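Annotated features, as they stand in Swiss-Prot:
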type	residues	note
COMPBIAS	221-236	compositional bias 'Low complexity'
COMPBIAS	242-252	compositional bias 'Basic residues'
COMPBIAS	267-297	compositional bias 'Low complexity'
COMPBIAS	301-313	compositional bias 'Basic residues'
COMPBIAS	324-339	compositional bias 'Basic residues'
COMPBIAS	340-351	compositional bias 'Basic and acidic residues'
COMPBIAS	360-382	compositional bias 'Low complexity'
CROSSLNK	LYS417	SUMO cross-link
REGION	1-201	region 'Transactivation domain'
REGION	196-397	region 'Disordered'
REGION	410-494	region 'DNA-binding domain'
Amino acid sequence: MENLSERFNVLQDQLMNIYEAAEHTLETQIAHWTLLRREAVLLYYARQKGITRLGYQPVPTLAVSEAKAKEAIGIMLQLQSLQKSEYASENWTLVDTSAETYNNVPEHHFKKGPVPVEVIYDKEPENANVYTMWKYVYYMDPEDVWHKTTSGVNQTGIYYLHGDFKHYYVLFADGARMYSKTGQWEVKVNKETVFAPVTSSTPPGSPGQRDPDATSKTPATSSDSTTRSSDKQSQQADPRRKGYGRRPSSRTRRQETQQRRSRSRYRSQSNSRSRSQSQTRALGATSVSRSSRSPSVTQIRNRRSRSQSRGRGGRGSSTDTTTKRRRSRSSSSNTRKRSQRGERGRGERGGRGKRRDRSSSTSPTPKRSRAGSRSSRQRGVSPEQVGRSLQSVSSKHRGRLGRLLEEALDPPVIICKGGANTLKCFRNRARHKYTGLFKAFSTTWSWVAGDSTERLGRPRMLISFTSTNQRKDFDETVKYPKGVETAYGNLDSL
């Protein structure tokens, strides 16, 4: 206990000497982080032994001490690597090498010269946000070579130059989604307007944007308003256009049913008249006179079923006129039944009945059954089809066998997104520790915009596998670094 307290006091004295000297050398900053690492390790050991206080200093939990020790080790290694570069002779302060500056955007980069950038949304000075643009940014390339670059700002955001590419670490559109109503912002640097109000290029349906039709709509003319009002009235008057909502009352439904029946009767009468007239013209004027009977008689006869008409037709008849009359009677009853079925389906089921009536009236189109396609897929995958599909497999409407056969069409991969140094360290560690759980690793790469040479998003890295089972074993075994995002995918060829 006393020995730990003495060591802790010695570390505190050495840290105070560094703070009082305030030297701007890289060697001093490395010594500072070395002392912080030793302090965190000592506090971790004290907590392990059950000690909760060293003098007047309370001992934090094991998790806090472990996190501080890892952070100190990481920054100390970066400073030691920077010491071997051409920038070791520059002035380095405690602020330049602090954990807050190192972890600020762009993350895990040493930065100097903060410049405030004010972004005003919707032309309201109260609705503003302040970002930090770093004058100089230090980064390491994939070959572990340090580079010093400058930052810039434009209407899109704040970026630093990574070679010939613009790497954005602040996008103003992200803030516009949260703070802006119109999607417009104005950029000011040192209280001077650099870019006039610009509009976000995000889709109109995204958060923080107004509907563009709301401001661009012009008053409609009288004819347009009349047409719209008539359409609304027709929609309200015809309940068949509504596929959902409340159903009308029983009295209203009875009236509508009676109207539909009268319409169907009138249509069946007209159809039967036209058919009977065309048939009886060849036979004579007798059938014409019989086909033009009063509507009441036709309605009564139309209520008879098809079986009754067939039964009547079974009896022998001596004249051709009676036979034609029975045919017209049965055809009119069939027409009435079809129309009643269609009208009843529209009234009771709304949109569904309408769609079914339309589908029954149109000519049938050949369709491939789902069961047939599924059975053909489950027969297997030919060797020449393996690796041809470029789309990821969906889990819907497929069993386990169908999903495995679909996945056999593409070589499986895992795409990792994160920092370039983090991905490289993970690749080197996995190659030695997880041999046999993967096929190959790719180098770190980035997407480039189609209309410029700017890098989009964080660096990527691909991991290929020989089968989905190998990818599953790799994903369940490997522990990915903090901040690394992963996603499954497939490629046509490797």
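From the backbone N, Cα and C atoms, a Cβ is placed for every residue, glycine too.
Per-residue pLDDT, averaged along the region 'DNA-binding domain' (410-494), amounts to 89 for this model.
DSSP assignment over the region 'DNA-binding domain' (410-494) gives 24 helix, 28 strand, 33 coil. Every protein chain shown contributes to the tally, and the Cβ of LYS417 (SUMO cross-link) ends up with 16 other Cβ atoms within 10 Å.
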